[in-house]
Amino acid sequence: MSQKQLKEAFVSNLSGTSVLEVTQGLCFPAFCILCRGLLIIFSQHLCSFLHTWTTQFFMDFVVLIVPLVITLTVLSSFILLENLTVILCGAWLLYQIYHRRTCYAKVPVQKVFASFLKISLESEYNPAITCYRVINSVFTAIAILAVDFPLFPRRFAKTELYGTGAMDFGVGGFIFGAAMVCPEVRRKYTEGSRFNHLRKSLYSVWPLVFLGMGRLVIIKSIGYQEHSTEYGVHWNFFFTIIVVKLITSLLLIIFPLNKSWIVAISITVLYQLALDFTPLKGIILYGTDGRGTRVGLLNANREGIISTLGYVAIYMAGVQTGFYVFKRRAQVRDWIKATCWVFSVAVGFFISLNIVQVNVEAVSRRMANLAFCLWVVASSLMLLSCLLLSGIVLSFAKFLIKGALVPCSWKLIQSATTNRQSESLIVEAEKNKPSFCLITALNRNQLFFFLLSNVATGLINLTVDTLHTGAFWTLAVLSIYMFANCLVIYVLDLQGKTIKFW
């Protein structure tokens, strides 16, 4: 077998891991983000630690990126233990901050909590959603290279037909995250007709057409390894995003924003019925001729084309989630209720997933069936609830330390009884503070980070024999690869540059 065939076989015919293990792995970065915020407060105001852009970058890289690299490689069998360790570290940091607090120093704990619950959280964007999207981007960047090394567990790679591998979450999670911040949710198009909004949406996808065609041409011209049952012969991630964006833009013109959940459920159920009671499933698996040939546009790309329906449903679920999370809430207690609600819905979806897998069909990324949609939405909501909870805990730590500033976190506003001058000072202090933050940098240039990671992955695969690389060199390559990618994005953010293609 050629090197290309060996690499294709290495990522083929896999069955994935348990839903629980994937969920534990997804929640792990949320707790790392909490620890990072608590560590910043602890070091800034209790240890007189000097924060320059270099020290902040190294702190972010070590606390946010390195643990995820290790989790996906050498410590992949100890995800639960890693979660518990990070939670305990966070609890210790919070304990230290509380007992060295500069605000409410001599006030009983009950009154401290009562005062905190009356605080408002001001934010031009929701840090939990920002962190959700960044986590998905970082996870994808690590996984697309790590999967070609033996150190990366095969159970985390994409499954062949049925199952839940960690990488199976990637595209669905990306689409869910994009939906939460889509223009319709952010009320970006507030003027003009609905068809004018559709025209703007059509215009916004042309860079993706360029990127999708560019990737197709490059992959075919250099003979790079492919997994044809993932999307098909010509289809790729960018084409899926294009079709999903076009269909959902039309749906959001027809249906009210707050009814997106009804659209999502309707599409998913009807699509599953079509899979069960029409030849659609057979077409996805074996083509129109029943022999699995790749002749003709539909047969060549049947997985990518048909599975788009499932991703449309995921997008609409993301729109509904964004609509709910971006609602204005007066006090911290309202955000606690919202977090509990998101968590409860996530649990409900996991229960529904179990029922569907037992009685209807198992999770299949290849078909993006009902179970897959339930799994992606449930996992996304669970991650989001962990991030919301982390944000609330971090806000409590900031509340205890006067002048505490943490990039990419909620800004605190005193209650209505506090004078307006002190309120504005709190917000302005955070606005005027330089943001040395890897999360903010990655969020600013997410698409460029994804492209940079893909190019670097391709170059490494063409120059390194990944199939026969030991554990030490695998970790070295992955660490250098992520360090270089993150540093480029970080420097761009320091210079105030956003790389756009339109």
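We count from 1, first residue shown onward.
The backbone N, Cα and C atoms fix where each Cβ goes, and this holds for glycine too.
Relative to the membrane, ARG199 and VAL295 occupy opposite sides according to Swiss-Prot.
Note on ASN13, ASN461: Swiss-Prot annotates N-linked glycosylation site at ASN13; no matching annotation appears for the rest, which is not proof of its absence. The Cβ of ASN13 (N-linked glycosylation site) has 11 other Cβ atoms within 10 Å, all protein chains considered.
Tertiary neighbourhood of the topological domain 'Lumenal' (153-160): same-chain residues 11-17, 21, 25, 72, 76-77, 143, 147, 166-168, 227, 229-230, 364-366, selected by CB-CB distance under 8 Å and a gap of 6+ residues from either end. The DSSP secondary structure for ASN13 (N-linked glycosylation site) is coil. Note: the stretches the transmembrane segment (472-492) and the transmembrane segment (22-42) are not in contact (fewer than 3 CB pairs below 8 A, sequence gap of 6 or more). Here the topological domain 'Cytoplasmic' (98-131) is broken down by DSSP into helix, strand and coil counts: 16 helix, 3 strand, 15 coil. Of the Cβ pairs linking the transmembrane segment (447-467) with the transmembrane segment (132-152) and spaced 6 or more residues apart, 3 or more are under 8 Å, so the two regions touch.
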